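Contents: one structure, followed by commentary.
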Amino acid sequence: MSHTVKIYDTCIGCTQCVRACPTDVLEMVPWDGCKASQIASAPRTEDCVGCKRCESACPTDFLSVRVYLGSETTRSMGLAY
């Protein structure tokens, strides 16, 4: 079952989600939108097991990284209108 990993622009570049991921789905990439000059990226979503450890590790008030399990709809991802 495939899962979708979405990174929001509230990411502060702390790397907590990257370090928490047991399957190395996430990595940091350069980004000028935050003080750390980097943002999480999810280039290997096919390896996501849906454990949501990245979500648990995120220190921001609004989770900057979210895992949408294969059974969740596009509406829950905010893509439907």
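Glycine residues also receive a Cβ, built from the backbone N, Cα and C atoms like all the rest.
Cβ environment of Cys17 ([4Fe-4S] cluster 1 binding site): Leu26, Ala40, Cys54, Glu55, Ala57, Cys58, Ser64, Val65 lie under 8 Å away, each six or more residues apart in the same chain. In the three-state DSSP reading, Cys17 ([4Fe-4S] cluster 1 binding site) counts as helix. Swiss-Prot lists Cys11, Cys14, Cys17, Cys58 with the feature [4Fe-4S] cluster 1 binding site.
Here Swiss-Prot flags Cys21, Cys48, Cys51, Cys54 as [4Fe-4S] cluster 2 binding site. Taking the Cβ of Cys21 ([4Fe-4S] cluster 2 binding site) as reference, residues of its chain lying under 8 Å away and at least six apart in sequence are, in sequence order, Arg53, Cys54.
Marked as domain '4Fe-4S ferredoxin-type 1' by Swiss-Prot: 2-31. Same-chain residues lying 6+ beyond the ends of the domain '4Fe-4S ferredoxin-type 1' (2-31) with a Cβ under 8 Å from its Cβ atoms: 37-51, 53-60, 62-70, 72, 77.
For the domain '4Fe-4S ferredoxin-type 2' (39-68), same-chain residues at least 6 beyond its ends with a Cβ under 8 Å from one of its own Cβ atoms are 1-29, 31, 33, 76-77. Marked as domain '4Fe-4S ferredoxin-type 2' by Swiss-Prot: 39-68.
In this structure, Cys58 ([4Fe-4S] cluster 1 binding site) belongs to neither helix nor strand by DSSP; it is coil. In this model, the domain '4Fe-4S ferredoxin-type 2' (39-68) carries an average pLDDT of 89. Counting every protein chain shown, the number of other Cβ atoms lying within 10 Å of the Cβ of Cys48 ([4Fe-4S] cluster 2 binding site) is 23. Other Cβ atoms within 10 Å of the Cβ of Cys54 ([4Fe-4S] cluster 2 binding site), summed over all protein chains shown, number 26.
A coil conformation is recorded for Cys48 ([4Fe-4S] cluster 2 binding site) in the three-state DSSP classification, outside any helix or strand.
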